[in-house]
Amino acid sequence: MAEATITRPDRRTPPASGRTTSAFGTPRAHRRYRITLAVLIVLAVGFGFGLLAWDNPMPVGSDGFWRIARMRATSVLVMAIVAICQATATVSFQTATNNRIITPSIMGFESLYVAIQTAAIYFLGVSGLVALTGLPQFVMQVAVMVGLSLLLYGWLLSGRYANLQVMLLVGIIIGGGLGSVSTFMQRLLTPSDFDILTARLFGSVSNADPDYFPVAIPLCVAAAVALWLRARRLNVLTLGRDATNNLGLDHRSEIMKVLFGVSLLMATSTALVGPMTFLGFLVATLAYQISGSADHRHIFPVAILTCFVVLSGAYFIMRNVFYAQGVVSIIIELVGGSVFLVVLLRKGRL
Amino acid sequence: MITLRDVRKSYEDEVTIGPVDLQIPTGGITALVGPNGAGKSTLLTMIGRLLGMDDGAIEIAGYDVASTASKDLARIVSILRQENHFITRLTVRQLVGFGRFPYSKGRLTQHCEDTISKAIDFLELTELEHRYLDQLSGGQRQRAYVAMVLCQETDHVLLDEPLNNLDMKHSVQMMRHLKRAATELDRTIIVVLHDINFAGRYADHICAVKDGRVVEFGTPATIMTDEVLTRVFDTEVQVIDGPNGALAVYY
Ligand SMILES: Nc1ncnc2c1ncn2[C@@H]1O[C@H](COP(=O)(O)OP(=O)(O)OP(=O)(O)O)[C@@H](O)[C@H]1O
Ligand SMILES: [Mg+2]
């Protein structure tokens, strides 16, 4: 028996010298994380390349092939931007509000987008929608969305009775109010105008115009990098207000900075492709499930890759299997929602 | 030394805490006692700068709480609140590791790791260090939170009802841990206690709070008397001689 004890060291209590704090509960979780990341990268590259090359009538490598691929590359780039925006924004927003079951789109970004689009066609007719396209108009839409959210955060979080829950509630109410105004205006549209509008209100990668890239890409990258650099602070924020202040971080100012980044990302994504209500929430939840870590430095990459895989996968399948790429947001919500439920029911916790 | 000068706080119109003038000496355990709603948590959170005061000033080791940068204060004073619910999935070790944030900003050094191990061992959580918080009992979790604030290595430690959720055995152990932290690690510990007998046994000073004011401050010997306790708690209390000193009987 004595030999057995010697050959089998006690696994539960590692020697004091080698005790370290890992972002993962167990070495197995760490291994699983690396595998998950690798699989996601393979899938992302696969779907991305598939979108560029699949069903390309020209032989791979020829001039014509690249010309067609370049046209398709725009939509792959849009998906990458949307993935970075939605995933980073949702994960950060959930951390800032200490709530894993909400998404920043409830803060009125999407209702505002819908209201702007509807108002344009209501007051100016179809020419109004045309007047909304163009780089200055894109910048204006982003500015209005960011402005509104900053007003909301600033007003509700800097007062004496600063309260996150009230801010969320007011955000939802404003969103709901804008939604009803839009619905009302939509009722009064002619059927043909309404039809044109509807196409704009479904989140779709084809809404994006490459002309917007010079603004959209820097905005998205700058805000996402800023949030990534704050990953360690975001980890502290998950402990809640009091513990954050105790550790020497000013909770209120941290939250404001994070929410500013979130609103930049959400505004960019929404102005670029339209509403994607469920996407961010879906990928954030999946990322927490499959990454096995509560550290933002590990969650961000998984969330972004998942988001890109979900988006590009849905487009790839819709284009090449069902020949119906217009309804991708619907398939994302259907398939994504089911995957989400399955994962949740199997794991039993968020 | 923690000094409160003319500290006031009013919630809405009716409830006013203060004015409080108080000096808490360096070293040892100071117990805050008093009935529910007396203002113990309010005072403690104001000292720990989690709650702003309306008037007055608080100094910890010469640093003014209102004007000193929060990140500097985080190396001088740490505070654990009455209720904690950390929603994230963390292991005990990860949670305790957060206590190093004021020094490492999230990049743990070898020294940090050693400090974390020490804090975990100190609260006898060694076997549990890789367990997730939601796999612990309430009392074990409570100890993990205390380990986190000890890991912050501040000279002043404020704890609001750390005996919450603890059974008889672990309450006694927790108080012994705190006593050891005060003597061996030279910490000044201020702790809100509900069981006056724990205060009498383990505290070096007792501060009695009632209706938002400090009504008594002194050594356990001066506080543990029929007259004082009856007045503070509005309950008939008799102090008898126990095997380990004075014992308050109130039922
Ligand atoms: N956020 C708040 N808003 C309004 N009143 C409050 C608030 N927090 C505390 N109070 C009131 O202030 C008084 C002191 O509360 P405090 O929490 O400091 O009491 P306590 O001594 O810690 O009580 P307990 O032993 O029950 O924890 C109570 O009357 C309480 O109702
Ligand atoms: Mg209290």
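Each residue, glycine too, has its Cβ placed from N, Cα and C.
Over in TrEMBL, the protein carries these features:
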type     : residues  : note
REGION   : A:1-25    : region 'Disordered'
TRANSMEM : A:35-54   : transmembrane segment
TRANSMEM : A:74-91   : transmembrane segment
TRANSMEM : A:112-132 : transmembrane segment
TRANSMEM : A:138-157 : transmembrane segment
TRANSMEM : A:164-185 : transmembrane segment
TRANSMEM : A:212-231 : transmembrane segment
TRANSMEM : A:258-287 : transmembrane segment
TRANSMEM : A:299-317 : transmembrane segment
TRANSMEM : A:322-345 : transmembrane segment
Cβ-Cβ under 8 Å with the transmembrane segment (A:74-91): same-chain residues at least 6 beyond its ends: 48, 51-52, 103-104, 205-206, 208, 210, 213, 216-217, 220-221, 223-224, 227-228, 261-262, 265-266, 268-269, 272-273, 276, 279-281, 283-284, 287, 296, 299-300, 303-308, 311-312, 315
Top Cβ-contact partner of the transmembrane segment (A:212-231) among A:35-54, A:112-132, A:164-185, A:299-317 (pairs under 8 Å): A:299-317
Beyond the flanks of the transmembrane segment (A:112-132) by 6 or more, those residues with Cβ under 8 Å of it: 141, 144-145, 148, 175, 178-179, 181-182, 185-186, 188-189, 193, 196-197, 200-201, 270-271, 274-275
Folded-back contacts onto the transmembrane segment (A:35-54), same chain, C-beta under 8 angstroms, at least six residues removed: 60, 65, 69, 72-73, 75-76, 79, 290-291, 301-302, 305-306, 308-309, 312-313, 315-316, 319-320
